[in-house]
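> Pasting in a structure now, in C-alpha cells, and then I'll have a few things to ask.
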Amino acid sequence: MPLSDGDLASIVLDGLDSGVIVVDREKRITVWNDWIAMATRKSAAECVGRTFEELFPDIPPRFHSALTEAFISGAASLLTHSLHSQVFPLRTRAGIELIHNTSIRALGEKPHAFCLVQIVDVTPSANRERVLRQRQNARYHAVVDSALDAILTLDADGVVQLANPSAALQFGHSADELVGATLSTLLEDQHDWRTAWERVLRGAPLTRPVEVVARRKDGSTSYLELTASRWTSDSRYFVTAILRNINERKAAEAELRSLNLTLEQRVAERTADRDRMWRLSTDIMVVARLDGVINATNPAWTRILGWEADELAGANFLEFIVPEDRSRFASILDTLSEDTLPQLFALQLRAREGGSRWIEWSAATADNLLQAVGRDITAEREAELLLQRTEEALRQSQKMEAVGQLTGGIAHDFNNMLTGVIGAIDVMKRRIASGRFTDLDRFMDAASVSAQRAAALTHRLLAFSRRQSLDSRPVDINLLVGSLQDLLSRTLGETIQLDFAFDESLPLGAADANQLESAILNLVINARDAMPNGGQLTLRTRQVVLGEVDIVATPEVKPGRYVVITVGDTGVGMTPEVLTKVFEPFFTTKPVGQGTGLGLSMVYGFARQSNGHVEITSKPAEGTTVELYLPVADSSEAPVSDEQDAARSGAGQTVLLVEDDDSVRLLVADILKELGYLPVEASEAHAAIRELSSNRAIHLMISDVGLPGMNGRQLAEVARSYRPDLPILFLTGYAENAAIRSGFLGTNMAMITKPFAMVTLAAKIDEMISSGSLRAVN
C-alpha cells in the first residue's frame with residue numbers, strides 16, 4: 001500500500017539525527033520527532049498539544065523571546081552552548097548530558113503560523129573545544145605566571161580580575177589581594193596613564209609605553225612602564241596591562257644626569273693629566289698629518305735630540321730621519337694609512353748637534369692623524385753591535401782552534417798516504433835503474449791505492465764544506481748496501497756482528513753512488529770505533545713519507561718520499577753534550593793526530609747536498625743510531641755504471657783540452673792520445689777561444705772549471721756562441737759554482753771530479769762524442 005504524504009514526512013523527521021520541534025502561534029507543540037523524544041525522555045504523545053512552559057518550566061527566557069521574535073518578524077535565532085546555558089535538559093541513552101545548539105526560525109509566509117525549533121548535538125566538538133581551551137589556559141598561565149613583568153587582567157571599570165606572581169611581587173600584595181582592587185588605587189594619580197587608559201578602552205592601541213608610579217603596600221613607590229591592549233569576551237571588554245619595572249633605568253638616568261653635571265670638570269682634570277704626561281714623558285711623542293707634517297711634539301724631543309718645539313712644528317717628519325731610513329718610513333706610513341692597527345718599527349733620527357739616535361716607535365693612525373711614541377734604544381743597539389762583534393771574534397777564534405785541531409789529523413793521514421806513493425815510486429825508480437822490472441805492478445798498485453786514499457780524503461773535505469760536485473742518479477740502495485758486505489766485514493773485524501735488514505719494496509734513491517758508499521763507510525767506521533770490545537752493527541733500509549708536520553723542526557727539508565738508511569750500533573754511545581757537536585767541522589773525540597773530525601761532517605754535507613737529511617740518536621752505554629734520509633728518485637730504473645765497462649778507444653777525434661796546470665794538462669793529453677784521440681792543448685781561455693774561432697774540426701771540449709780570468713763555465717758560453725752543438729766536459733777538483741750539477745751544467749754538458757781513473761774519463765768522453773753522432777763541430 002503506498003504511503004501518504006503525512007506518513008512519509010513522519011518517517012523522514014524521525015530518521016533525522018537532530019531534534020525537530022514545530023510549534024503554532026499559540027506556542028503549542030505540533031511536531032515532536034523521535035530524536036528529541038529520546039533525548040528528553042518525553043514521548044510525542046506526552047508533548048504534542050502542550051507548551052514549552054508546561055513541559056520545561058526552567059527553559060531560559062532567551063528561548064521564549066527568540067520564539068516570539070520569529071513569529072512577529074520572521075527573525076531566525078541561534079542559541080549556542082558557549083553563550084547560553086543549555087535550553088533543554090538533554091541526555092544520551094547512557095545518561096550523559098548532551099551539549100547542544102538550538103536554532104529557531106519561522107515557517108512559511110507572514111503571518112507565520114508555525115515555527116521550527118531544531119536542536120543539534122555538538123557534544124564531541126564542545127568537548128574538543130573545552131580540552132583545547134584548557135590547554136590554552138594552561139599555556140597562558142604558564143607564560144603569564146613565569147613572566148618577569150607584572151601582568152594584570154582588568155575589566156572595563158579598571159577592576160583587577162587576574163594578577164600574576166610578578167604583579168604581586170611588584171606591588172607588595174598577594175595575588176588574591178590584588179584581585180578586586182582598582183587600578184587607580186595601585187597607581188599614583190597621573191594624567192598620563194588615565195589618558196592612556198581611556199584610549200585603550202576606545203580600542204586605540206598604545207603607540208609607546210607610558211611611565212607610571214606604583215603605590216606599594218609598604219607605602220614605597222616604584223617606577224613602571226605600562227603597555228595595555230583591549231579584548232572582548234561574551235560581549236564584555238577586558239584589558240591586559242603589562243607593567244615593567246624600570247627602577248634601574250631611572251636610577252641610571254639619575255646617575256647619568258649627575259655625571260653630566262661634573263663632566264666638564266672631569267674632562268678638564270683628564271686633560272691636565274694628559275698634558276702632564278705629555279710634558280714629563282721620557283719617550284718622544286709626536287702627532288702629525290699623514291703627509292708627514294708635524295702638528296705637535298712633546299719636550300722629550302729637546303732632551304733626547306736637541307730639537308725645539310718651534311723648529312719641529314710645521315716641519316715634515318721625514319726631515320728628521322736619516323736619509324737611508326726615509327724610504328722605509330714612507331712605506332711604513334703607507335701601511336699605517338691603510339691599517340689602524342699599531343705598527344712597531346725602529347728608525348734613526350738626526351740629532352740637532354749632529355749624529356743620530358735609534359728610536360723605537362709604536363705608531364697608529366686615527367682621524368687622519370699619525371700618533372706615535374718613540375723610545376730611545378741607541379744604547380741597546382750599540383750593546384747589540386758590540387755583542388755581534390764579540391760573537392764574530394769568538395767564532396773566528398773557534399775557527400782557528402778547529403783548524404789547529406784539523407792539522408794533526410790531516411798531517412797524519414796525508415803523511416801515511418804520501419809515504420805509500422813516494423815510497424812505491426822510489427822503489428820503482430831504483431829497480432828500473434838497475435834493470436829489474438819484475439813486481440813493478442805491485443808497487444804501482446800500492447802507489448795507486450795510496451793516491452786513491454788521498455783523493456777520498458779530499459772528497460771528504462769537499463763534502464764537509466758542501467762544495468764537492470755530486471753526480472746524483474737513481475740508485476738501488478739495497479743493492480749498493482749489500483755490495484759493501486765483504487768490505488764492511490773486513491773493516492769491522494771478527495768481534496763485531498754485522499746484520500742487514502732490507503725493505504724489499506724500497507724504491508730507488510737519488511744520490512751519488514760513490515759518495516753514498518763513502519758516507520756509509522764513514523758511519524760504519526765510526527760505529528766500529530764506538531765498540532772497542534765488540535758488539536752488533538745493523539744496517540737497515542726503509543721508506544717514509546714526510547709531511548709538513550714532520551719537518552717543522554727542520555725547515556730545510558722538503559716534504560715528500562724518502563728512502564732511509566739506518567746504521568745502528570751497540571757501542572758506548574754519546575752524552576747529550578757530545579751529541580750536539582757531532583756534525584760540527586773537525587769535531588772528534590779521538591786523540592789529536594788520530595782523526596780529522598770530518599766523518600759525520602762529511603755525511604751531513606753529503607746528505608744536505610743531496611737534498612736529504614741526517615738524524616742521530618744516542619745514549620751512553622746503549623749505542624748510537626744514525627738515519628740517512630735521501631729523496632726517492634724520479635726514475636724507477638737504476639742506470640748501468642759506465643765505469644763497469646772497459647776503457648773505450650777513440651778513432652782520432654779532435655778534443656780541445658783547456659787546463660792551466662801544466663802537469664795535469666800534460667797527463668790528460670797523454671791519456672787522450674793513449675785512448676786514440678787527437679788532443680789540442682790550451683793553457684788558458686783566450687788560447688782556447690782562438691782554437692774555437694778557427695776552422696779546425698773539434699768533436700769535444702774538455703775544460704777545467706777553475707781557469708784564471710775567465711772560468712770554465714764562462715768559456716763554455718763563448719764556445720757555444722761559436723759552436724752551438726759542441727759537447728763540453730768539465731774537470732773539477734773544487735768549484736764554488738759546481739756544488740750542485742743541475743744548476744751549473746747546460747745542455748750536452750757533463751762533469752767529472754779530479755782525481756779520476758782513466759776508465760772513467762774514457763767512458764765519459766765516449767758517451768759525449770757518441771751523443772754528437774761522431775760529427776765534428778766546425
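Cβ from N, Cα, C; glycine included.
Remember, TrEMBL labels are computer predictions, not curated facts.
Straight out of TrEMBL:
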- 136-188: domain 'PAS' (DOMAIN)
- 208-258: domain 'PAC' (DOMAIN)
- 285-340: domain 'PAS' (DOMAIN)
- 409-634: domain 'Histidine kinase' (DOMAIN)
- 654-769: domain 'Response regulatory' (DOMAIN)
- ASP704: 4-aspartylphosphate (MOD_RES)
> Sort the residues of the domain 'PAS' (285-340) into helix, strand and coil with DSSP and give the three counts.
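The composition, in the requested order, is 30 helix, 12 strand, 14 coil.
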> Using DSSP, how many residues of the domain 'PAC' (208-258) fall into helix, strand and coil, respectively?
12 helix, 29 strand, 10 coil
> Would you list the DSSP helix, strand and coil counts for the residues of the domain 'Response regulatory' (654-769)?
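Counting residues per DSSP class in the domain 'Response regulatory' (654-769), I get 51 helix, 27 strand, 38 coil.
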> For the residue listed as '4-aspartylphosphate', which residues of its chain lie six or more apart in sequence with Cβ-Cβ distance below 8 Å?
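Correct list: VAL658, GLU659, ASP660, ASP661, VAL664, GLY712, PHE730, LEU731, THR732.
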